[in-house]
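Annotated features, as they stand in TrEMBL:
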type	residues	note
BINDING	A:D36, A:Q44, A:Y49, A:V89, A:F127, A:D292, A:T333	FAD binding site
DOMAIN	A:8-298	domain 'FAD/NAD(P)-binding'
Amino acid sequence: MSETIKTDVVIVGAGPAGLFAVFELGLLDIKSHLVDILPKAGGQCSELYPEKPIYDIPGYPIVTGQGLVDNLLQQIEPFHPTFHYGEMVEAIEPLGTAEAPLFRVSATGGKIFECKSIIVAAGGGSFQPKKPPIEGIEAYEGSSVFYAVRRMEDFRGRHVVIVGGGDSALDWTLNLQPIVERLTLIHRRDDFRGAPHSVKAMRELVANGLIDLHIGQVASLTGEGGQLRGLTLKGADGALRDIACERLIPFFGLTMKLGPVAEWGLNLHENLVPVDTEKFETNVPGVFAIGDINTYPGKLKLILCGFHEGALAAQKIHRYVYPDKKLTFQYTTSSTNLQKKLGVH
Amino acid sequence: MPKITFVDSLGEARTVDAEVGSTVMEAAIRNAIPEIAAECGGGCACATCHIYVDDPWGTLTGKASEQEEDMLDFAYAVQPNSRLSCQITVTEELDGLHVTTPDRQG
Ligand SMILES: Cc1cc2nc3c(=O)[nH]c(=O)nc-3n(C[C@H](O)[C@H](O)[C@H](O)COP(=O)(O)OP(=O)(O)OC[C@H]3O[C@@H](n4cnc5c(N)ncnc54)[C@H](O)[C@@H]3O)c2cc1C
């Protein structure tokens, strides 16, 4: 097991709310670590709509989802937050008291944090791969069906079928083709969303007979004891065709699932975490919830609301982290103290 | 006000009023139509408001845009008459629109 990482605050989720919380905490000298299951920052903004324009961020008549995230990352840079990507926060364990909270936070991959407060900025939950509703597919998950490629060796010398038309499907088609027995790519239409050069490379493999491309959808699976042997493909014309398949990798995008947040002893109301509107604290003292994950009378799932919530939560967290220090209200415009922290003075 | 009939995967039909200028998805959500999730709230970013446009309405609702087709890649049991209901704007001509919902959204 790795060494315990000691910090003031662990922020669960690096969406816009979690990112801006780093800033508000930083102004108050509170250090934070961000954990997100995705390989990058930005939550819904960068995962679901990076190119779409947002029109209701105060002060920005128009900014794209990714543009906003890039700006936030730049804005929090002076506080040197530590990012832990590709890790899901699984458990939180209270070690302290209501007056002096202390938590042990554990993430997948074995990282352990010890912190005085936790900000749950988990949005709609953690992004997880969508599972196609093929009957009996669960029986093969982890042995023959994989939703991501973690170890290429698991696929060497096998009949591999990849389903999907985006970059993940194309990239893995190109990467796995040289080491597998036979690779079949299945997509519902003969049009691919992926990067043009990947589409071209894939088409070349098909033209040279190095992979098979089928247009259609997977109708059923055959095999036993968790070992897949084949699948039946339903073509666009409705015709059925059997294909040898020992490893199936479906890429149907990501969906948000509440996930482990439900197991942290927090009150839940329709999969949301109720908070007060003064401190945005949950029923567990020291655990705060901001952004899309929380609920309170009048809650709106807007980015700007998540920003406001983080600013107020930081005030209360200051009391937990620095119980003896008095907090004085300051503006970034006029406070040389704040400007020093921001590195502009 | 135009009316839209949603037939669920078990064959039960529900007819609702839909405001001109709103979307078929919004009409479904306002009327608590089952089998429509609309997780992203109409952003053409999730494929959980997938419907089948029944004959002969396909000619009036038109074809899916390129972006919508891309999102439909994430839906299940996609058919030639598949659409994302958040991308169909209600017009007077669509009065009587008949659509079927799949048994499962993404
Ligand atoms: C298509 C679309 C358009 C939108 N347009 C607008 C708009 O114009 N204006 C506006 O204000 N809002 C808009 N929104 C809503 C806005 O994107 C959300 O309100 C915002 O993303 C919420 O931010 P968040 O930080 O709370 O959560 P999210 O952005 O959902 O981020 C949460 C993060 O937490 C991570 N996470 C969750 N659980 C765990 C865990 N246990 N361990 C590790 N990581 C975890 C997730 O992987 C995710 O990255 C739109 C949303 C969509 C889908």
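Glycine is no exception: its Cβ is also placed from the backbone N, Cα and C atoms.
Feature map: annotations from TrEMBL on the structure.
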residue: A:D36; record: FAD binding site; Cβ neighbours (10 Å): 29
residue: A:Q44; record: FAD binding site; Cβ neighbours (10 Å): 23
residue: A:Y49; record: FAD binding site; Cβ neighbours (10 Å): 19
residue: A:V89; record: FAD binding site; Cβ neighbours (10 Å): 27
residue: A:F127; record: FAD binding site; Cβ neighbours (10 Å): 21
residue: A:D292; record: FAD binding site; Cβ neighbours (10 Å): 26
residue: A:T333; record: FAD binding site; Cβ neighbours (10 Å): 7
For FAD, with binders A:D36, A:Q44, A:Y49, A:V89, A:F127, A:D292, A:T333, what's the maximum Cα separation in whole Å?
37
Does DSSP give A:T333 (FAD binding site) helix, strand or coil?
coil
Cβ under 6 Å from ligand 1: qualifying binding-site residues of A:D36, A:F127, A:T333:
A:D36, A:F127
Quick note, binding-site residues A:D36, A:Y49, A:V89, A:D292 vs chain B, Cβ pairs under 8 Å, ordered by sequence, gives A:Y49
Using DSSP and collapsing to three states, where does A:Y49 (FAD binding site) fall: helix, strand or coil?
coil
Going by DSSP, is A:Q44 (FAD binding site) sitting in a helix, a strand, or coil?
helix
